[in-house]
Amino acid sequence: MAMFLKSRGVRSCRDRRLLSDEEEETSQSSSYTLGSQASQSIQEEDVSDTDESDYSDEDEEIDLEEEYPSDEDPSEGSDSDPSWHPSDSDESDYSESDEDEATPGSQASRSSRVSPSTQQSSGLTPTPSFSRPRTRAPPRPPAPAPVRGRASAPPRPPAPVQQSTKDKGPHRPTRPVLRGPAPRRPPPPSSPNTYNKHMMETTPPIKGNNNYNWPWL
C-alpha cells in the first residue's frame, strides 16, 4: 500500500511539471503571434481531454522516437538523402583519364560483336588484330547411298563341344556276379496246434514216466 501511494505521489509530481512546461510554452507562443490565442485554447482543450494521470515518461520516450526514429544525425547525409553530393576527394579518385582508358576497350568489344548477317551483306570480314583470319571448313564427304535389301548375315560359328568337368578316378574292375544255389524257403509260421499234431503223429504215445519217453529233456 505504501509503495502504491508513493508511486501515485511521484506521478502527480511529474504531471505538475508537465503542466507547468506546457503553460510556459503557451505563454511564449502568445507573445510571438497574434493568432496564438486560438491555438492556445485548442491546446488547453487537448490537455483537458487527455487523462493527466496516465501520462508517464514512457509516453514521452515514444514521442521522441517518433521524431527521430534512428540514432543517426539528421544533419548528416544518407544513401536515401537526395541532397547529398560526393565530396571533392571522392570525385578526384575517378578522373577523365579513366574514361579515356575505358572507351577504346568498349569500342573494340563492340566491333567484335558485329553480327554475321552484316558481315555477309557487306562482303568484307573485318579481322581484329588479336584474332586470326577465319578459314573455311573442308566440305563434307557425300553420304553413302542406302543399300536396298538385307545383307546376308555371316555364318554362325559352331557351338563349342561341352566337356565334362567331373574328374574321373582310376578305373575300377567290375565285380564278378556269384551265382550259387537258390536260398532256402523259410519255414511256415508255426502254431502250437500243428506242432502238437506233428509231434503226436511222429512220436509214439507216452506210456509211463520213463526217461526214454522224454528224449528232449
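Including glycine, each Cβ sits where the backbone N, Cα and C put it.
If you check Swiss-Prot, you get these features:
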REGION    1-217  region 'Disordered'
COMPBIAS  32-42  compositional bias 'Polar residues'
COMPBIAS  43-79  compositional bias 'Acidic residues'
REGION    64-68  region 'Interaction with host histone dimer H2A/H2B'
REGION    81-86  region 'Interaction with host histone dimer H2A/H2B'
COMPBIAS  89-102  compositional bias 'Acidic residues'
REGION    90-94  region 'Interaction with host histone dimer H2A/H2B'
COMPBIAS  106-132  compositional bias 'Low complexity'
COMPBIAS  136-145  compositional bias 'Pro residues'
COMPBIAS  208-217  compositional bias 'Polar residues'
Local confidence of the region 'Interaction with host histone dimer H2A/H2B' (64-68) - pLDDT mean:
55
Could you count the residues of the compositional bias 'Polar residues' (208-217) that DSSP puts in helix, in strand and in coil?
3 helix, 0 strand, 7 coil
